[in-house]
Every structure is written in structure tokens, then in C-alpha cells.
Amino acid sequence: MNAFANVHSLRVPSHHLRDFSASLSLAPPNLKKIIKQCSTPKLLESALAAMIKTSLNQDCRLMNQFITACTSFKRLDLAVSTMTQMQEPNVFVYNALFKGFVTCSHPIRSLELYVRMLRDSVSPSSYTYSSLVKASSFASRFGESLQAHIWKFGFGFHVKIQTTLIDFYSATGRIREARKVFDEMPERDDIAWTTMVSAYRRVLDMDSANSLANQMSEKNEATSNCLINGYMGLGNLEQAESLFNQMPVKDIISWTTMIKGYSQNKRYREAIAVFYKMMEEGIIPDEVTMSTVISACAHLGVLEIGKEVHMYTLQNGFVLDVYIGSALVDMYSKCGSLERALLVFFNLPKKNLFCWNSIIEGLAAHGFAQEALKMFAKMEMESVKPNAVTFVSVFTACTHAGLVDEGRRIYRSMIDDYSIVSNVEHYGGMVHLFSKAGLIYEALELIGNMEFEPNAVIWGALLDGCRIHKNLVIAEIAFNKLMVLEPMNSGYYFLLVSMYAEQNRWRDVAEIRGRMRELGIEKICPGTSSIRIDKRDHLFAAADKSHSASDEVCLLLDEIYDQMGLAGYVQETENVY
């Protein structure tokens, strides 16, 4: 009874009862149809009112369907309250509520309900234990006791229940127990085999996973997809590709797994290539596929391909949900088309945290600091709770605008109002904010008060601030720290050399250059940029004239420099030597 102790009796508004009674016949078939068609919780309450009036709330079949409808609206308070009024709920009613508790993430209450079920002498079914084992994944201490009950009530060799047990043990990291259940099964279907293969994949034991899969009489798509996912997770792309190519039939999950795997391994061009190959094969992508491909376009900065993929979603009836929507906002922002990013964002019917984060990050990255902060304020007004990622973008915006006091206020709010613990990115953002504003010593003090060792990003931000504000004393401190963390990074050497040269400290310049020669450090990776024109990528590197159109490019640059000079722009060349 503990599961129901905190649920008050439901009071159904009288107007619901009158309106509903007047509009339909209260026979069970009609009520069953109405419950199935309920589109809002209020209509569900009206259906319950009609059931109570005619005592049909004692009808187990009707209550089974009613509880299922309550689950879809996450209104288990209605389901529980109604069940407590039933005189003799049967196993199907209990099973419906078990499923509801598991679906709505209330595992303990499902186990408490199981105790009541046994006390009421209602015999469990196989479906009962399938739901309860899933609940035990969230409360593992009940799992072993439940397994004893499974044997007690004669379900010890039930394939579906045993398969659920395998998944339960693997979810709690007990791979040996999972394999023991699998080995003791007198019969195994494809789902049981795939679940055990997935259990090995979950603990990254791909040798065992592959060995077990090879024992199957015939691998199915689900098993192969599981193996591909596992090898991609380990970065073994060659093995994943081999398995994929050997599959006689590839479903949408197979293709999407490859696309996601390439993206996770930063092989974005391959991810996009697989997507186009998938289209050639006539496989229709789903929302997961599309959002993954759009994200790959974002990482590559290929605006034209991103626009093509976006157009495909529009022409093929994809709903602009939060997943595709946030991916599009992120893609357009990273590809430099902020106007399109804003257009997508404002046209989203629903916006989740990822959508807000994407647009705030995009605005901040493009230098629209005030707009990013206004968007953050609007996000708070709409009661969307920011996360750690949100604040990284907000601190970037504050840095661009030089809003030190606002940055301090938001930093305190992050800790006090949202209980977010500062991570290295937050500290890096604040150090960058202080350093760029010339508060070098305050930035150094913040670094000293960090609860963990600062990384190269933080010391690099301080060093850059020292360059801007010509603080050579603190620059040398930051440089020495960086030499411990990243001694082969040429950028730090060149930055300090430029500061020494600016102050005519040529002996120090020679010393740093000598150290670089001893370590074999040189600027081997010049700055590069790329542009895509007519489906061709053009890559340009600093001082590189190998491009076929380099002469035309140089002429155009000269013209741009002349126009900039006429506009009053003065080049800063003091750091060039």
C-alpha cells in the first residue's frame, strides 16, 4: 500500500461529468473508443467521470486502457487514484500500471505495487516480470530477489523474461551474470542473441561480442548494427566498415550507425559521403540521420551541402523538431550564415535547451555579444534552465563586449541560482574576460583559486591578455606554465618572441629562438582557410601560391587593401619582424 499512500482521491469537476454524459452513450465500447481518442488530459478526466458515474471504473479491460492513456500523458496520479477505487483489479490492470511506472521513471513504485499485487493474491504473468526487471535496472538491489520470484512462479525458462534479465545485468555492469543467464537458456531467439552481443558492446569487449555473433546461425541486421556501433565507439573504423560492407541487407539503422560513427570519430566527410550513398540506394533517412548529417556539415563548415540537406528535409515532410532544428541552427551559425540560423530558430514551434544553446553560441561566436546576452535573458524569462554549456557561450559574449561586471554577475548567478559547479571552460571564459579587459592580476588570482590544475587553454588566455596589454612580467609566468603543459606548441613561443621584439629585448628573442631550434620547433602548420564554390573545396595556406588562381587572388587582395586604406584603415605591423 506504500505506493499509494501519497495519492489523494481524485475529484472530477462536475461540469466534466455533465458535458461528457450529454455527449455520448456510456456503454463500454463507446468509452473504450473515447479513451483511445483522448487528445488532452482534460478529456481523459471527462472519460473517468463517465466511468465513475456508471461504475465502469470496475471494468478491468476499460481500466487497462485508461491507465495506458494516463501513461501517455504522464498522468499516473489519475491512474493510481482510479486503481485504488477498484475492488478486484486483475493482472492486466496491474501490468498496465507497472508499465506506466517504468515508462515514467518511477521504478521503486512499481516494485511497491508488486508487493501489493502479491498480497491481493493476484498471480503475475510473464509481462509482469518483463516490466519489473526493467524497473530493477534503476534499483538493482531488487534484481536478484526478483529472479528468485521468476523461478518460483514458473517463468525461469521464458525467453523474453530471460532476455530482459540479460539486459538488466549488463546495464548494471555484471557481464558474467548476464552471460550465465544466456548460457542457461534452453532456447534463444534473435533478440536474446543480440541482447547478449549488446551486453559485451556495452563494456567495450568487442572480441567477445564478435565471437558470440559468429556463433549465430545467421546474423541479423540488429546484431550487425550493434557490432558496427561498438567498433565505431572504439575508433576501429576499418572493422566497422568491413562489417557494414558484408551485410547482405542494410536497414536505416545500419546506415545511420555508420554516419554517426564517422561523425563521432571526426571523419565528417566520410559521414556525408555515406549519407549520399544511402540516398543512391533508395534508403529513406529518419530524423536521427538528418540531424547527424547536418551536424557533420556544421563541423566541416560546408554551407552549400548544409543548405541541400536542409532543403531535403523541407521537401520530404520532415517536422522541424528540436533535434533537426537545433542541428540546423548550429550548422548555419558555424557556416557563417547567422541570418539563416536566426530564421530557423524563430520558426521552431518548440525550443529545447539545445536550440537555445546553439543560437546563443552562434551570436556570441559572430561577435553579436549584446544580442547573445538578450537571447540568454529571453531564455531565462521563458523558464528554460541553462546548463554548463550555456554559460560558456555567455562568457564568450561578455568577453567580446568587454562586459566585465555583467560577466561577474552571471558567473555568480551560475553558481548561486543554478547550482552549476565551475568547470575548466567556465574558468577559461572568466580568465579570458579579465585578461582581455586588462585585469591581468585579477585573472591570475582567479587561476590561483581554482580547485583543479589549470590547463593550457587557461594559461593561453592569460598569455594572450598579456600580449594585448603588454604585461611581460605575467606573460613570462604564463609562458613557463605552458612550457610544462605543451612544450612543443610553436604558437606560445612566437607570441612571447613578438612581445620581446616589441620592447627591443633582442637577447631574449635570440634565447627563445635558440630553445626552439634545440627542440626542433618550427611553425610547420601555417594558417589555412577554405571556401566551397560549385561543389569544390578550395584550400588556402599562408604564403602558399600553389593554388591555380593565386595570381587572381593576390590582385583582388591588393585591391581590397587599397579600398581599406581609402576607408581610413591602418594596418598594425608592430608585431611583424
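Glycine too: its Cβ is placed from the backbone N, Cα and C atoms.
Averaged across the repeat 'PPR 1' (59-89), the predicted model reaches a pLDDT of 81. Annotated repeat 'PPR 1' per Swiss-Prot: 59-89, in sequence order.
Annotation comment: Swiss-Prot describes 90-124 as repeat 'PPR 2'.
The annotation repeat 'PPR 3' is assigned in Swiss-Prot to 125-155.
Per Swiss-Prot, repeat 'PPR 4' is recorded for 158-192. For the repeat 'PPR 4' (158-192), residue counts in helix, strand and coil come to 26 helix, 0 strand, 9 coil, using DSSP.
The repeat 'PPR 5' feature in Swiss-Prot is assigned to 193-219. Among residues of the same chain six or more beyond the repeat 'PPR 5' (193-219), those with a C-beta under 8 A of the stretch's C-beta atoms are 163, 166-167, 169-171, 173, 175, 178-179, 182, 226-227, 229-231, 233-234, 236, 239.
Proximity of distant same-chain residues to the repeat 'PPR 6' (220-250), defined by a Cβ-Cβ separation under 8 Å and at least 6 residues beyond the stretch ends, is recorded for 190-191, 193-194, 197-198, 200-201, 204, 206, 209-210, 213, 257-258, 260-262, 264-265, 267, 281, 283. Feature annotation from Swiss-Prot assigns repeat 'PPR 6' to 220-250.
For the repeat 'PPR 7' (251-285), same-chain residues at least 6 beyond its ends with a Cβ under 8 Å from one of its own Cβ atoms are 221-222, 224-225, 228-229, 231-233, 235, 237, 240-241, 244, 292-293, 295-297, 299-300, 302, 305, 309, 316. Taken from Swiss-Prot, the feature repeat 'PPR 7' covers 251-285.
Residues of the same chain lying 6 or more positions beyond the ends of the repeat 'PPR 8' (286-320) and with a Cβ under 8 Å from any Cβ of it are 252, 255-256, 259-260, 262-263, 266, 268-269, 271-272, 275, 278, 326-328, 330-337, 344, 347-349, 530, 532, 535, 537. Sequence annotations record features per position, and here Swiss-Prot assigns repeat 'PPR 8' to 286-320.
Counting residues 6+ beyond its ends, the repeat 'PPR 9' (321-351) has Cβ neighbours under 8 Å at 287-288, 290-292, 294-295, 297-299, 301-303, 306, 310, 313, 357-359, 361-363, 365-366, 368, 384 in the same chain. According to Swiss-Prot, the feature repeat 'PPR 9' maps to 321-351.
Sequence-distant contacts of the repeat 'PPR 10' (352-386), counting only residues of its own chain at least 6 positions beyond either end whose CB sits under 8 Å from a CB of the stretch, comprise 322-323, 325-326, 329-330, 332-334, 336, 338, 341-342, 345, 392-394, 396-401, 403, 406, 410, 414, 418. Taken from Swiss-Prot, the feature repeat 'PPR 10' covers 352-386.
What Swiss-Prot lists as repeat 'PPR 11' is 387-417. Residues 353, 356-357, 360-361, 363-365, 367-370, 372-373, 376, 379, 423, 425-426, 429-430, 432-434, 436-437, 439 of the same chain lie 6 or more positions beyond the ends of the repeat 'PPR 11' (387-417) yet place their CB under 8 Å from a CB of it.
Taking Cβ pairs closer than 8 Å, the repeat 'PPR 12' (423-453) reaches residues 388, 391-392, 395-396, 398-399, 402, 404, 407, 411, 414, 459, 461-462, 464-466, 468-469, 471, 474, 477 in its own chain, all 6 or more past its ends. The annotation repeat 'PPR 12' is assigned in Swiss-Prot to 423-453.
Residues annotated as region 'Type E motif' in Swiss-Prot: 458-534. Under DSSP, residues within the region 'Type E motif' (458-534) fall into helix, strand and coil as 53 helix, 6 strand, 18 coil.
Summarising the annotation, Swiss-Prot assigns region 'Type E(+) motif' to 535-565.
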Tally of residues which DSSP labels helix, strand or coil - the repeat 'PPR 11' (387-417): 27 helix, 0 strand, 4 coil
Helix, strand and coil counts within the repeat 'PPR 2' (90-124) (DSSP): 26 helix, 0 strand, 9 coil
Helix-strand-coil residue split for the repeat 'PPR 1' (59-89), DSSP-based: 22 helix, 0 strand, 9 coil
